[in-house]
């Protein structure tokens with residue numbers, strides 16, 4: 001059985017639907033190690049517990065599989081190997097969803113969970129959106145048109161990220177102008193300085209200690225009021241409203257809006 005439902009509902013679904021039907025020798029798989037690592041779900045020792053964690057959001061993974069005939073890279077971890085066959089089961093599943101064609105890396109539930117949360121919070125979601133928004137607001141507050149600020153701080157980011165993904169920082173710097181490269185090398189660490197490193201370490205401390213996991217699960221148990229407020233504020237921010245209008249002018253991008 002593969003558990004691919006959101007982290008915050010897994011505990012109740014496992015207790016009510018999965019655990020009563022989980023006989024010895026069965027295999028329980030997860031797409032992320034959160035509930036196992038932080039012990040919100042504790043399966044019996046008589047079952048295999050493993051993880052296949054594709055490194056992409058679900059709909060992007062599906063698009064790769066359908067449109068390109070390949071999957072996305074994934075991580076494989078075995079938490080319990082009651083049958084002695086858990087790893088083979090995981091590899092078979094990875095092959096079936098196309099991940100084996102892109103690459104399978106072996107890890108642990110701990111390393112996947114903690115590094116995944118840290119990456120999301122410090123760079124991929126939290127860090128990058130906070131940096132973009134702050135840069136956008138800085139330009140607008142200093143009198144630059146919001147549309148120009150949007151293009152400079154958000155729209156062009158995809159082109160830079162594509163270059164980095166294709167060939168690392170070196171290929172990105174090779175591809176941009178010398179002026180841009182010099183600004184990168186001399187000003188980047190003035191923006192992301194040692195204070196940011198200290199904050200990143202505090203974020204990682206909360207992840208490693210389980211403080212973030214407890215906070216998130218408590219937020220969900222108590223109705224998610226703070227989370228929903230923050231989500232609504234983000235969805236109605238100035239950069240979003242400016243971006244919506246600009247994306248409507250670029251239909252070739254297949255713009256998508258979430259209300």
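Glycine residues also receive a Cβ, built from the backbone N, Cα and C atoms like all the rest.
The feature domain 'KARI N-terminal Rossmann' is assigned by TrEMBL to 1-107. Summarising the annotation, TrEMBL assigns domain 'KARI C-terminal knotted' to 108-253. Here TrEMBL flags 116, 120 as Mg(2+) 1 binding site. The Mg(2+) 2 binding site annotation in TrEMBL covers 116, 152, 156. Annotated substrate binding site per TrEMBL: 177, in sequence order.
The DSSP breakdown of the domain 'KARI N-terminal Rossmann' (1-107) into helical (H, G, I), extended (E, B) and coil residues amounts to 45 helix, 23 strand, 39 coil. The residue listed as 'substrate binding site' sits 33 Å from residue 116 (Mg(2+) 1 binding site), taking the Cα positions as reference. Across the structure, residue 156 (Mg(2+) 2 binding site) and residue 120 (Mg(2+) 1 binding site) are spaced 21 Å apart at their Cα atoms. The number of other Cβ atoms within 10 Å of the Cβ belonging to residue 120 (Mg(2+) 1 binding site), over all protein chains shown, comes to 13. Of the binding-site residues 116, 152, 156, 116 has the largest number of other Cβ atoms within 10 Å of its own Cβ. Put simply, residue 152 (Mg(2+) 2 binding site) is 23 Å from residue 120 (Mg(2+) 1 binding site) when counted between their Cα atoms. The two recorded residues residue 152 (Mg(2+) 2 binding site) and residue 116 (Mg(2+) 1 binding site) have their Cα atoms spaced 28 Å from each other.
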